[in-house]
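Below is one structure. I have some questions about it.
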Amino acid sequence: MPASQPRSRARDRNNVLNRAEFLSLNQPLKGNQESRSSGRKQSSQAGAAGAQNNSAKERRQSQQLPEEDCMQLNPSFKGIAFNSLLAIDICMSKRLGVCANRASSWGGARSMINLLGITGHGIPWIAGTLICLVKSSTLAGQEVLMNLLLALLLDIMIVAGLQKLAKRKGPYDINPGLLDYLTMDTYAFPAGHASRAAMLSKFFLNHLVLAIPLRILLVLWALCVGFSRVMIGRHHVTDVLSGFVFGYLQFRLVELIWMSSNTCQMLISIW
């Protein structure tokens, strides 16, 4: 036993792992352990404090968010209703576009529907009004024709301006025709043919003496012209309905700025 103890001590002294430079690998010092534990505690405390600060900042930002962002995150009843009506409008317009192309269910009647739409175009009406104005010899006729020409020009400018502002495309990818480019009728909202047909029918009903069958036919013509644009896939249903409304408002505007006979005669003499 006494001989074995010196041998074990010699082995411990000769063991490389018992040296001072290797003690930290096998048995870390208490100071290092305490420093590491304190560092971990500080880092955890700092992380908790940072999380609290971030949550507080998010709360402040959510309180400072504008009303528009809040509406996007939590849409209101008005937004949901508007999107639903827009979806219904697009679905109905696509189903009613029975003449949108040759492969549609009524593709064979596309040319006839296009011809009906031309009757509500601005260029033929302006040209016809100018011809009638040249051939007219009565003061009353010239007064009505001059105001009709003013109404047609106003219709083209107002509809073109509104379409440039809205820039709404039609339900089908259909390129405008040559006459549409001449009158700047290149977008869908509002429908220029519908506004013109409504304005003309109201104008003739007020300033021409017509029999009851002709008055009924005039209203039916305006309705057919408007909805023919939906059938060929050029406009939505709401585009046509809004066109009717704008056409009536244009008629009221012309009635407010109605040119007298003397003003018409002066303009004709200058022309």
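Using the three backbone atoms N, Cα and C, a Cβ is placed for every residue, glycine included.
Sequence annotations record features per position, and here TrEMBL assigns compositional bias 'Polar residues' to 24-34. The feature compositional bias 'Low complexity' is assigned by TrEMBL to 40-55. Per TrEMBL, the feature domain 'Phosphatidic acid phosphatase type 2/haloperoxidase' maps to 143-255. Residues or ranges marked as region 'Disordered' by TrEMBL: 1-66. Per TrEMBL, the feature transmembrane segment maps to 112-138, 144-162, 203-228.
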Same-chain Cβ contacts of the transmembrane segment (144-162) under 8 Å, 6 or more residues past its ends?
122, 125-126, 129-130, 132-133, 136, 183-185, 189-190, 192, 195-196, 199-200, 203, 207, 243, 246-247, 250-251, 253-254, 257-259, 264, 267-268
May I have the DSSP-based helix, strand and coil counts for the residues of the domain 'Phosphatidic acid phosphatase type 2/haloperoxidase' (143-255)?
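Result for the domain 'Phosphatidic acid phosphatase type 2/haloperoxidase' (143-255), in helix, strand, coil order: 84 helix, 0 strand, 29 coil.
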